[in-house]
Amino acid sequence: MKSNNLATEGINSLPLDHGENDAIRVSVLSEALPYIQKFAGRRIVIKYGGSAMSKESLKEAVFRDIALLSSVGAQPVIIHGGGPEINHWLTKLEIKSEFRDGLRITDSNTMDIVEMVLIGRVNKQIVNGINKVGASAVGLCGIDGKLIEARPWGDGSYGLVGEVARVNADVIEPLIANGYIPVISSVASSVEGINYNINADTVAGEIAAAIGAEKLILLTDTSGILKNKSDPLSLIQNIRLSDMRELIDKEVVNGGMTPKAECCIRALAQGVNAAHIIDGRIPHALLLEVFTDKGIGTMIVSRS
């Protein structure tokens with residue numbers, strides 16, 4: 001286990017009002033203790049994306065949260081997207097983007113940019129950020145060691161958009177066992193050697209199932225799943241798997257939230273204990289969701 005200094009730094013940097021006394025911090029630590037004990041030695045798969053990737057202050061908060069999870073004995077595994085950065089480079093190179101059902105239509109020119117950005121830039125920035133705050137991260141993509149076998153999405157009309165055919169968890173098990181934090185980008189190859197862009201939420205769900213994760217956590221730009229999209233106070237804090245399917249059928253969950261909800265459903269159906277959709281725009285959202293009684297987002301479970 002890494003130095004406990006990370007745990008102290010993480011708690012000290014929680015978003016408490018200036019001047020709050022030591023009793024508040026003791027209360028925070030006391031509330032966190034049973035969760036720290038519960039998740040020691042458990043795998044927590046985190047899909048890192050949205051505004052938490054683009055704002056420097058949020059980036060550091062996420063990296064510290066991840067380091068703290070590792071410091072207290074949990075085993076985080078990070079899956080990342082990179083949509084804003086991909087959009088930036090596509091615009092810069094005058095390549096048009098098209099989305100359908102929350103997925104980016106990917107031709108060969110777009111795929112070149114996706115690979116460059118996700119594997120060459122974003123992945124290494126995340127690894128460096130986690131390493132900088134005292135943990136030890138290792139960057140991978142689905143191609144490495146045949147970690148993820150891809151196949152075309154649907155009927156192939158999405159271009160080089162893929163889905164997960166198989167996960168070879170043996171590639172990352174030694175890293176996890178030795179205290180490293182795998183950081184995985186969602187580019188993978190088919191058995192024919194064709195590279196595909198896979199939705200990072202989907203990859204996170206399949207990785208979580210393959211490694212027997214306790215939790216799957218998706219960092220998003222929403223507060224969670226809302227009963228009414230126009231009412232931020234209509235957050236659903238806890239929901240059963242069967243009720244989640246009903247929300248999709250009734251199109252209460254739609255658009256870009258659909259692949260997130262579906263990946264949570266698939267992960268739970270394959271044995272993951274809980275899935276969480278939380279607001280990555282809130283500093284230290286991970287700690288607030290994992291180590292507090294109330295949490296801050298939507299938790300999906302197989303049963304009550």
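Placement of Cβ uses the backbone N, Cα and C atoms for every residue, glycine included.
According to Swiss-Prot, the residue from R43, R104, R166 that belongs to the substrate site alongside G82, G83, N197 is R104. Rounded to a whole value, the Cα-Cα separation of R104 (substrate binding site) and K260 (site 'Transition state stabilizer') is 14 Å. The two recorded residues G82 (substrate binding site) and K47 (site 'Transition state stabilizer') have their Cα atoms spaced 11 Å from each other. Neighbour count (other Cβ atoms within 10 Å of the Cβ, all protein chains): 25 for G82 (substrate binding site). Distance from the CA of K260 (site 'Transition state stabilizer') to the CA of K47 (site 'Transition state stabilizer') is 10 Å. N197 (substrate binding site) carries a strand DSSP state (E or B).
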